[in-house]
Amino acid sequence: MRIAVLGTGYVGLSTGVCLSEVGHHVICIDVDQQKINRLRQGISPIYEPGLESLLLKNTAAGKLHFTTSHQEGLEKAEIIIIAVGTPQSNDGAADLSYLVQAAKDVSAHLKPDAIVVIKSTVPVGTNDYVRSIIANHTKKPFKMVSNPEFLRQGSAIKDTMKADRIIIGSEDNEAALKIQEMYRPLNVPVLMTNVKSAEMIKYASNAFLATKISFINEIANLCEAVGANIIDVANGMGKDKRIGEAFLQAGIGYGGSCFPKDVKALLHTAGQYGVDFSLLKETISINESQRQLLVKKALERFQQLKGKKFAMLGLSFKPDTDDMREAPSIVISRLLHQAGAEVIAYDPVATENAKKVIGNTIQYAESVEEAIKNADALLLVTEWEEFKKLDLAEVTKQMKQPIIFDGRNSLAEDKIRACSKIEYYPVGKPSIVIN
Ligand SMILES: NC(=O)C1=CN([C@@H]2O[C@H](COP(=O)(O)OP(=O)(O)OC[C@H]3O[C@@H](n4cnc5c(N)ncnc54)[C@H](O)[C@@H]3O)[C@@H](O)[C@H]2O)C=CC1
Ligand SMILES: O=C(O)[C@H]1O[C@H](OP(=O)(O)OP(=O)(O)OC[C@H]2O[C@@H](n3ccc(=O)[nH]c3=O)[C@H](O)[C@@H]2O)[C@H](O)[C@@H](O)[C@@H]1O
């Protein structure tokens, strides 16, 4: 099939690359000339494991193209997938301005009878709204399908190729079947729904997962207070198939480009329809306080933070991505800076993006060794594999004080116990102090 994808972000690029991999002819369109230039040279503008090799392979095979011209991209496309951003606006609602512009771009160059697929995460009713925008700008016939995306950053390619499900929402059976056919080579279960249900499935899924994280974080806080161990508690809960093991990792809260904004957008929709979804308010408020946890723990330990030097390991909102959107490291940096502490941070891939968001209120190191030198404490903020492999006995020797606050419970207990001197403060389980 001839497919055009609007937006070469995490979702658009991963989708375009994977659809070309399974045999379709894909042209990806973006308004960002720099991104398109890099993509044409076979360089991915985002860090995403496995993406660049598929990009090179399918570009070389002539199945994957990139352009900034909507005309060039759309004139032959039988399926048009819109994957532009829907960020959060000031009132918590989803900002649909990119989507509205994309709809206008589509209507200007649409091939008659093309199917317009909305993959961006959009509030209930948005597919109908986009349909009316396109219809107001063109007389050509077209069809619409809602097809929300569930991939995670850091495993976008795997999640696309081996998704748990594909949701196809449409009032037009023929269009829905064509999109099902487009995905057939992936061999993933498909669920057909109406448009509004498809739109709701996306928000309900993200809000549920975010709530699961806030729930386990509150249980972790309670575990600390009563002397239980969150790892055992989460294990014990997760063994119940009705609960499931996934998304029960306690830590310093959820971040990223989606959970924070999507929970707020769903709450906004609920408000518009007079539904008081107070559970979501709690999910948000627990998450906000959880992001401050490491700083609170540090304050408890040191009494005052002025003049203290903190090595911060990890900046991105999760491992295997360079994305800094809503990363807990932003809040932690701000609080430590306000308290007069010095922060020197290291991240394997997110440092350049972090500099744009956090700026020069903290320093950036090129390696773990540089970050930890003479530090009063180490804050583990993102659980990159590199950090799990550290020789903690050696790390603590390089520090001024051997104090570690592990915001992701990611350091192995036997490595901690192998240190001759250490103070280790995890989340939701007993601290380890060896003098
Ligand atoms: N990032 C993620 O892991 C996931 C994101 N989503 C949703 O997918 C959507 C896209 O998210 P991301 O890929 O993270 O966004 P992104 O911000 O990384 O990329 C969006 C891209 O669209 C381009 N763009 C904007 N207007 C355009 C237009 N008129 N024509 C062509 N290109 C245009 C931008 O230049 C940018 O490169 C959002 O609605 C998001 O909520 C859904 C699932 C996962
Ligand atoms: O709509 C989206 O954008 C995507 O949002 C999330 O994907 P993503 O944000 O890439 O990453 P996750 O692995 O879900 O992690 C999100 C945040 O939750 C945190 N998290 C995750 C799991 C957990 O057990 N505990 C926990 O604190 C992570 O550290 C991270 O900050 C969802 O998992 C995807 O299904 C969805 O498509």
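Backbone N, Cα and C define each Cβ position, glycine as well.
Note that the structure is predicted; figures quoted are calculated from it, not measured.
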Where TrEMBL shows ASP30, LYS35, THR86, LYS261, ARG325 binding NAD(+), which of THR121, THR211, THR351, THR361 is named for the same site?
THR121
Cβ neighbours of LEU248 (substrate binding site) where a neighbour is any other Cβ within 10 Å
21
What's the CA-CA gap between THR121 (NAD(+) binding site) and GLN249 (substrate binding site) in angstrom, rounded?
25
Report the nearest neighbour of GLN249 (substrate binding site) in space among the recorded positions ASP30, THR86, CYS258, comparing Cα positions.
CYS258
Relative to the Cα of GLY255 (substrate binding site), which of the binding-site residues ASP30, LYS35, THR86, LYS261, ARG325 has the closest Cα?
ARG325
Residue with minimal Cβ packing [other Cβ atoms within 10 Å] among the binding-site residues THR121, GLN249:
GLN249
